[in-house]
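TrEMBL annotations:
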type: TRANSMEM; residues: A:31-49; note: transmembrane segment
type: TRANSMEM; residues: A:86-109; note: transmembrane segment
type: TRANSMEM; residues: A:115-136; note: transmembrane segment
type: TRANSMEM; residues: A:172-194; note: transmembrane segment
type: TRANSMEM; residues: A:200-221; note: transmembrane segment
Amino acid sequence: MDALRDELLGKLDNKIAFTIPVFGGIPVPESVVVTWGIMLFLVLLSIICTRRLKKVPGKAQLVAEMFVGFINKFTKNTLGEHWKPFAAYFGTIGLYIGCANLIGMFGITPPTKDLNVTAALAIMSAALIYGASFRYHGFKGGLHKFVEPMPLLAPINVMEVVIRPLSLCMRLFGNVLGSFIIMELIKLAMPAIVPMALSMYFDVFDGIIQTIVFVFLTALFTQEALE
Amino acid sequence: MSIAIGAAIAVLTGIGAGIGIGLATAKATDAIARQPEAADKIQRSLLIGCALAEATAIYGLVIGIMIILFVK
């Protein structure tokens, strides 16, 4: 029982993959290395899909066009007028979080299991939301948005600057961590075929849902900041 | 011993999520039955609502894990 618990606790930590021998050793965690792998995969995918673009698209170009069209339509429906700069961000974030969550299916620890990765994603989304608010309304307009519905709600609006990214971060982290723990326990208890069926729910379904929720919530908050 | 009790109380937040999502799904199926053409929009709203409600249960899970791991 103790060996089981120690093994599980060992898997929950963020392991250091290697150390760059510069400036007294910079430790590189495992999630960063897996992120590099995902970046390489997505860049290669993009290069393959956009090689030799033709007017009548071939199969790879058709998939890429469908995806871009879907993201553009979603951004236009949610944001309204100033949708163009944001579509690329939502598509990239969706692709990265989707790949990061689904990579657990192949036995690699998902990078979103690391709290630092989800915190970085949440900070990026927060910078986007409040940056959009100040960019499209000016400095005074941005400050005015904090008293927008009623001046009585100003403390809540100020608190939401911290609470919204925090909830985005913890939602993604908690879901991925919970799925990971349950899958590890199942793999320890029942070897061979059964983990595959349950992995369909925990890894695939949950991962895709969390991707959709993260992107949709960021789009929703941005729409609130832009109006 | 108190760590186990603390973690168990933390995970009780699952009750709220279960009840909330159950009620939401009931209303969503009612709405779809009443107006099948709007099924797509209703499904989308249901998905977002369920993910948001699930988040509070996940907060409880994360606190439970942190209590087990970090409390001496």
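Just so you know, glycine gets a Cβ as well, placed from its N, Cα and C.
Remember, TrEMBL labels are computer predictions, not curated facts.
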Should anything in the same chain at least six residues away from the transmembrane segment (A:172-194) have a Cβ under 8 Å from its Cβ atoms, list it; otherwise answer none.
4, 7-8, 11-12, 97, 101, 104, 109-110, 112-113, 115, 118, 121-122, 202-203, 206-207, 210, 214
Within-chain partners of the transmembrane segment (A:115-136) [C-beta distance under 8 Å, separation at least 6 from its ends]:
14, 29, 31, 35, 82, 86, 89, 93, 97, 100, 142, 145, 161, 164-166, 168-170, 172-173, 176, 214, 218, 221-222, 225-226
With a Cβ cut-off under 8 Å, give me the same-chain residues at least six positions beyond the ends of the transmembrane segment (A:31-49) that come close to it.
14, 17-18, 60-61, 63-64, 95-96, 99-100, 103, 108-114, 116-117
Close approaches to the transmembrane segment (A:86-109) from elsewhere in its chain (Cβ under 8 angstroms; 6 or more beyond its ends):
11, 30-31, 34-35, 37-38, 41-42, 67-68, 71-72, 74-76, 79, 117, 121, 124-125, 128, 132, 172, 176, 179-180, 183, 199, 203-204, 206-208, 210-212, 214-215, 218-219, 222
